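Engineer: The structure is given below, and queries will be raised subsequently.
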């Protein structure tokens, strides 16, 4: 008990600490470790540590790598530019002016969050490909734009810009109400005050959300795989997937490429964290206050048209294309009333069909992932908040590592770790392996929700339980956990929605013959049954959106406002 | 039922020997020795940062000391040298927190019942005791409400009920009234005083408000910079403050710097003489206690002052007076009508003055 280290009497539960440590080791550390080991020791798969680094540097100096890394960066930057071009003007208009139908536009722009990017990309293919819906309706053929690098950037920009739009319009409003109005009192006009005060103050928030878009786009698999492969545009994600799933299988290569990709994602994530944690910009956040917004005057119509156009591109077209394809009896039959019918849905949802089994698998896996990730996330966040010294740093680092682990890398790590021939038992080739992958990918969400919620709890609530005679574990189960439960439920619903339609890790590690929603859609599309795939996509979007919404309203009704935090 | 507490056993309710504590390199508590007999209340009084809350957390077990020994009702609960570190839940305490710390997801009754549940008290007995504890604090009718439905004062009463329901040998109060407004604070001090006396509780009461400490405690430890500056009964503390710092913190009156010239004590920087004190040395601080001053000119010693401000209070006029020829300020409360600018003669007796050395004993 030497002086110099602070010892508290009310340490968190030791049992929970070990559960968190063990859980993070299995779910996060082992896949990461195996990627690093495999990248260094190419013969590791056959149990040998021979020739360390022999392939590592060879892969790193391979011109193909430079091509893929360059393409990845290009795609990331291009997507960010597209997202900014769509988001910034709309956000500024929304924050500063009375836009007609503003709430409707907000609602429509939320929908891209609910459509997985690979489904939207497939929708765009159906629309823009030669003899696609656009050509059938208008006669224009835009296939050359669709299958081009800028086309991929545009589609991914449309898929991600709403993140930037919502962050930015909220930031503009908050800052506008609190600081920009002060500028106007001192004589600056509305535009001057926007450029001199609001925009500079919103810069960190804008930069952070654009970095998020960057990270999302370099980690995305579906869109570049569906569009880029046809024009030979290979990015790191598709390159990694290629090396591990196509003959000849190149484990060391995929491990090394994974490290490069994680490096990029890590830089984006660290810069984003640094931007958001800088003290001088803490003002961003909080509820936007009602501020006096200006009327658009004669610009009301053009502004409304702009919102309508972007909403149509981002939300309307992909959804309509999905629905049109799902309702078409045959793709070649085109958009004719005689070709429309519910045949695809009937086949998809027929008793004992593959589609129904895939749906059931995904719902089951999504629910289990949500429960496991929620529990592990809550325990981890608690152990980090209560922890001290080096132990806390290790736990904290492990729990946020998956933020910079793209799904494809998690898949590679899990294959490398659990497909070793010397393992006596392994979850590999069972549905549990998908569970491991999903929990790893989605763990940061519940950890973030739980940490925020724990920081809002007064320290004394737990202290009071301890003084009243509850041991550390009991204080957690009786006091801490029930109090953070509402925000954990929100996090778990989010986890469910994402896990039940995750694509790339599912493609990589799903056991032979085991289908999830995403695997089913992807395979139907590959096999030319786009109609069936799109019927599944439509059901998936409905289910993964409607079930969570229903759950949230049910919870609200059950607690009837007596529990804080369910909003 | 409540009165059994620890008064039956002969051991002191609380005993601290040589307790020290550091945060990193900074020592926040120095060699604290305290004893509290069963059925008595110890006030820990001091400005923020003096270590009083840390000391309370050491007693509760929410922090562990670096050195020394803590005993509660005869049981050693912390003694780092002997390797004894009892966690808070094993110390059998009751505690009232500054922010109430009521659990928002439980009803008032469930909050109060929690310590009994932890002791595995049977359901029917538990219910009786919760009802009695809530009745004691006047909230019997609120048992099924949520804490968030109650006012601040009611919430703190629930917290008090929770702290006493298990009849602990020692109850800890951590600035329980500082989140309440002034009027409520004054009522609640009296309620707590009655409760403590009725139940014959042993308690430690942390506060930065000297009025609270003097009202509630049998003994008050005035703390400063991690040291106990003085430990005494309230009357003793007011009549014989041990150091200038104690006198200043308790706002007992005006502290004047004094210099000893060839034969007299003078107020430093003036030729105003003070009555000779029984004090060695050439320099001192002299306390002119507010309660020793009279506005008539009949006392043996006199001091000429000018009225700087006269503020109307419900109990009279609060005067801010300046000793003529100096910048020293004296506060005085009088029912007499006085106006700013008046010159008044204050009188006092030499035996009421308190003399302190200039050097700080610890630093």
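Backbone N, Cα and C atoms are what each Cβ position is placed from, and that goes for glycine too.
TrEMBL does not curate its annotations; it predicts them automatically.
Residues annotated as transmembrane segment in TrEMBL: A:15-37, A:73-96, A:103-125, A:145-168, A:194-218, A:255-276, A:296-327, A:363-385, A:397-419, A:475-497, A:503-522, A:534-558. Per TrEMBL, the feature domain 'ABC transmembrane type-1' maps to A:69-272, A:359-553.
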Engineer: Can you name the far-off residues of the same chain, 6+ from the ends of the transmembrane segment (A:296-327), with a Cβ under 8 Å from a Cβ of it?
Structural biologist: 86, 89-90, 93, 97-101, 105, 108-109, 111-112, 115, 119-120, 122-124, 126-127, 133, 158-159, 161-162, 335, 340-342, 344-345, 530-531, 533-535, 537-538, 541
Engineer: If we skip the immediate neighbours and take only residues 6+ beyond the ends of the transmembrane segment (A:255-276), which ones have a Cβ under 8 Å from one of its Cβ atoms?
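Structural biologist: Contacts with the transmembrane segment (A:255-276): 35-36, 38-39, 55-56, 59-60, 65, 68-69, 72-73, 76, 204-205, 207-208, 211-212, 214-215, 218-219, 236-237, 239-240, 243, 403-406, 408-409, 412-413, 416.
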Engineer: Look at every Cβ pair spanning the transmembrane segment (A:145-168) and the transmembrane segment (A:73-96), keep those 6 or more apart in sequence, and say whether at least 3 of them are under 8 Å.
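Structural biologist: Per Cβ check, the transmembrane segment (A:145-168) touches the transmembrane segment (A:73-96).
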Engineer: By Cβ distance under 8 Å, which residues at least 6 away from the ends of the transmembrane segment (A:73-96) in the same chain are close to it?
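Structural biologist: Residues packing against the transmembrane segment (A:73-96) from afar: 102, 105-106, 149-150, 152-154, 156-158, 160-165, 168-170, 172-173, 176, 190, 194, 206, 210, 213-215, 217-218, 224, 235, 264, 268, 293-294, 296, 303, 306-307, 310, 314.
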